[in-house]
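This report refers to the structure that appears directly beneath it.
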Amino acid sequence: MTNIRKSHPLMKIVNNAFIDLPAPSNISSWWNFGSLLGICLILQILTGLFLAMHYTSDTMTAFSSVTHICRDVNHGWIIRYMHANGASMFFICLYMHVGRGMYYGSYTFLETWNIGVILLFTVMATAFMGYVLPWGQMSFWGATVITNLLSAIPYIGTSLVEWIWGGFSVDKATLTRFFAFHFILPFIIAALAMVHLLFLHETGSNNPTGIPSDMDKIPFHPYYTIKDILGALLLILILMLLVLFAPDLLGDPDNYTPANPLNTPPHIKPEWYFLFAYAILRSIPNKLGGVLALVFSILILILMPLLHTSKQRSMMFRPLSQCLFWILAADLLTLTWIGGQPVEHPYIIIGQLASIMYFLIILVLMPATSMIENSFLKW
């Protein structure tokens, strides 16, 4: 009799994806982030569902409904903070996952990589709209500032912004539609993640050496299932430490003040995971230029396969490229720091230099360094 795991139409899909999947024998913990992102997504959908049961998307009651969740709903406070800090964990895993892909040359799997970039944009859009929902000061002004950026688009800009707002300012219509989109997008993300996985399993996983590992594969279960469970436990440990000991560490105190269109907060800034892009946006004095730089700072990932000039796939045996990669990582941390600072003397120039460095490293220095390394090996 055939094993039900291998014969049942549904079980067969699960089996081929998570049990009998041939995986390289040498993939490191950097390959854990895919499964961690899956766990984050499930966690966000579940906590979000329970929050949506008590939330009201009306400008008059949105803020007080969130307060009601924290004070009156059974375990509402933990659900709310797991959802808020779960977003931070999601982005930590996302950036690590993308960084891993850049370091080990995983972007040569074109379909997988491009769907990954689309996923990144979708998750960023979802997180932005979710931040608007509590209707605090930073929610309102963040929504106003970021949606206003679209007015930089020539000719149709202003009409486009008013169409998104559903009026002449961020108001009830905006909040309601943002709630609707924030609810539906995670399911679209889940579907895209399955397509992402489908394309990955067409080629098989990359590995730290970047060399094909077809002759040295091991079954995913039990080797990588147990490894993923360890990663998941660490993720949940860090998340619960945040939730139970410092739930507001990564948030903005301004968001505990109800939204007031007549009072602008002194420093409008997004959540920490968008600060690097926000710093790039602010470093260009021109509005349209800033918006283009902001979009291109993420869209540049699409160009990674085109910018790959090395004869080797991975950076494992390329010390000069490794050095540049970690300079890029430090540069992104610098941009994140600058994004949270006020627009005044030392910060403006630091932000501009860090922004130039970001594009220079990816577009010029990395491809040039790869060519130099090729010449070292007489290739």
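Residue numbering: from 1, along the chain as shown.
Note that Cβ sites are derived from N, Cα and C of the backbone, with glycine treated the same way.
Annotation comment: Swiss-Prot describes His83, His182 as heme b b562 binding site. Sequence annotations record features per position, and here Swiss-Prot assigns heme b b566 binding site to His97, His196. Per Swiss-Prot, the feature ubiquinone binding site maps to His201. The transmembrane segment annotation in Swiss-Prot covers 33-53, 77-98, 113-133, 178-198, 226-246, 288-308, 320-340, 347-367 and is backed by similarity to another entry.
Mapped onto this structure are the features recorded in Swiss-Prot.
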{"residue": "His83", "record": "heme b b562 binding site", "CB count, 10 Å": "21"}
{"residue": "His97", "record": "heme b b566 binding site", "CB count, 10 Å": "20"}
{"residue": "His182", "record": "heme b b562 binding site", "CB count, 10 Å": "21"}
{"residue": "His196", "record": "heme b b566 binding site", "CB count, 10 Å": "21"}
{"residue": "His201", "record": "ubiquinone binding site", "CB count, 10 Å": "14"}
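For His97 (heme b b566 binding site), the nearest neighbour among the listed binding-site residues (His83, His182, His201), judged by C-alpha distance, is His201. Here the transmembrane segment (347-367) does not lie next to the transmembrane segment (113-133) in space: the count of CB pairs under 8 Å, restricted to residues six or more apart, is fewer than 3. His196 (heme b b566 binding site) is 24 Å away from His83 (heme b b562 binding site) when you measure Cα to Cα. Cα separation, His182 (heme b b562 binding site) to His196 (heme b b566 binding site), rounded: 21 Å. Of the Cβ pairs linking the transmembrane segment (77-98) with the transmembrane segment (226-246) and spaced 6 or more residues apart, 3 or more are under 8 Å, so the two regions touch.
Beyond the ends of the transmembrane segment (320-340), by six or more residues, the same chain brings 99, 102-103, 269-270, 272, 274-280, 282, 310, 347, 350-351, 354-355, 357-358, 361-362, 365-366, 369-370, 372-373 to within a C-beta distance below 8 angstroms of the stretch. 33-53 is the stretch from 33-53, 113-133, 178-198, 288-308 with the greatest number of Cβ pairs below 8 Å to the transmembrane segment (226-246). Scored on C-beta pairs under 8 angstroms, the neighbour of the transmembrane segment (113-133) with the top count among 33-53, 178-198, 288-308 is 178-198.
In the three-state DSSP assignment, the secondary structure recorded for His201 (ubiquinone binding site) is helix.
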